[in-house]
Amino acid sequence: MAQGILKDMMANAMLVKDLAEVAKDTALLHGVQIRVHESPNSSEVVTYAPITLLPSPVPKSAFYQALAVQVHYNTLVDKISQDADFLQAALASTITVDNFTARLFKIHQQVLEEGKAQSIVLGLNRSDYMHDQKNEGCPTLKQIEINTFAAGLAGLTSHTPHVHRHILKVAGCVEESQRILDNNSAAGLAEAIAKAWELYGSKRAIVMFLVEENQINIFDQRCIENELWKRNISTKRKRFRDVSKTGSLDPDRKLFVDGQEVAVVYFRNGYMPQNYQSEQDWQARLLMERSLAVKCPDIGTHLAGTKKVQQVLSQPGVLEKFFPEQPQVVEQIRSTFAGLYTLDMGPEGDKTIEMALRTPGLFVLKPQREGGGNNLYGAELQQVLQEVKGSEERMAYILMDKIHPTPVQNILLRRDAPLKISTCLCELGVFGTYVRKGREMVLNKCAGHLLRTKSSEHADGGVAAGVAVLDNPLLL
């Protein structure tokens, strides 16, 4: 449907221009916006968040498959985070060559040695997929990664349905506009945070958002904050330096920052090496991890989301360890795995490198990094593997099959960008939330979805990296 409308529209340049202006204004009207970081007064200047002109087609079967498996991914991440022996074995090679992962793992060990202060665990995850068409037969849903730390865009994507419904109505497609799904991911994430706050048991205690110094995507976070304030839960935004200067633990290991007790630390910063500007920042992270506050994520959950753990999970028998006597759950999860390969020293890693160098176009080289724009393809993949193939440095990466999604046509609306039809690739994200207290899983839900679309000329990068734009699925 959308593809046909787009083709007809492009014959009328004035209509495209008018609809684009309506889309931009509607996005701003409904809070689908970001700060203009180039502006010297960036705290006051905003623009619409990058978005597609029309919703993109997504196969209904793949969409609901991704939603259905999310609660199992929540359970899997939680079980991994509790299994210190598994994390030790899975990351043993990585921490010898990747200083950032090694530093995180050291904090994990320190917390375990002292003993965890808090039995409440809060998880806010997002599992990302593409619809792979490279194999003969029906296209299949394949996971790119699972994000266990600062899984973003739940706030903005809660408002994008309003934009595309309105655009379709203006374009004369009233019936199609009714097929845009509701999607209140922000409320879903806030529900889980609120449950953790409630279980903590102090109405005076706050939810602390641990954020970056300069935040372009602040409105995405504000959506979740506002949902918490609706529940009369106080939130504060703090940075590592704030925790370093004013943070402390009392004898019961309750966390106080600037004199206020913290019930939940919601990390929206701390997943990249450059987020830690000083030793004081690392000590602030350790202080929070040692505390009685509920951490989202805690250090075990942070490590559970690493690329190396993703690769180890794909090995025969590993999923069965976490889901004994649950073959259907194992199959649901495993069916979403793309091919994943180790680069550890030894014959298996050597075989992986030989395979990747022979056919680099079939693979993606992934370092242990989050935030988008880190993966290597084609000639870059070859160059890096040639450089590290004989050294232990190769163990800082994993190799994954390159997913080949079905291309779609759309117009990507960005500030100061020309209006043109682009061949695009779509990436579906599914939000999952869980709260566990001791051994009891108190909450485990699929909390909404996210569709991001980028021009096919870009191999990697998300919305924050300036590559992808927000979208909505139109189920087929």
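Just so you know, glycine gets a Cβ as well, placed from its N, Cα and C.
Per TrEMBL, these features apply:
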type    : residues                                                                 : note
BINDING : Arg126, Gln221                                                           : substrate binding site
BINDING : Glu145, Lys307, 366-375, Tyr377, 400-403, Glu427, Arg452, Lys454, Asp460 : ATP binding site
BINDING : Glu145, Asn147, Glu370                                                   : Mg(2+) binding site
DOMAIN  : 205-304                                                                  : domain 'Glutathione synthase substrate-binding'
Study note, to complete from the structure: One of the binding-site residues Arg126, Asn147, Gln221 has its Cα closest to the Cα of Gly373 (ATP binding site), namely Asn147
Revision key, fill the gap. Integer Å value for the Cα distance linking Arg452 (ATP binding site) with Arg126 (substrate binding site) is 13
Exercise for review: Measure from the CA atom of Arg126 (substrate binding site) to the CA atom of Glu145 (ATP binding site) and give the result in Å, rounded to a whole number.
Suggested key: 9
Practice item. Please tell me which one of the binding-site residues listed here (Arg126, Asn147, Gln221) sits closest to Glu370 (ATP binding site), measuring Cα to Cα? Key: Asn147
Check your understanding: Neighbourhood of the Mg(2+) site (Glu145, Asn147, Glu370): other residues with Cβ within 8 Å of the Cβ centroid, in order?
Key -> Arg126, Asp128, Ile146, Thr148, Phe149, Ala151, Gly305
Exercise for review: Would you mind reading off the Cα separation of Asn147 (Mg(2+) binding site) from Arg126 (substrate binding site), to the nearest angstrom?
Suggested key: 5
Practice item. Whole-number Å only: compute the distance from the Cα of Gln221 (substrate binding site) to the Cα of Pro367 (ATP binding site). Key: 27
Review point. Taking just the CA atoms, what is the gap between Arg126 (substrate binding site) and Lys402 (ATP binding site) in Å?
Key: 20
Check your understanding: Of Arg126, Lys402, Arg452, which of the binding-site residues has the most Cβ neighbours inside 10 Å?
Key -> Arg126
Study note, to complete from the structure: Candidates Gln221, Gly373 (binding-site residues); min other-Cβ count within 10 Å returns Gly373
Practice item. Give the sequence-ordered list of residues that share a chain with Pro367 (ATP binding site), lie 6 or more positions from it, and have CB atoms under 8 Å from its CB. Key: Asp98, Lys307, Asn374, Asn375, Leu376, Ala396, Tyr397
Check your understanding: Using DSSP, how many residues in the domain 'Glutathione synthase substrate-binding' (205-304) fall into helix, strand and coil?
Key -> 41 helix, 26 strand, 33 coil
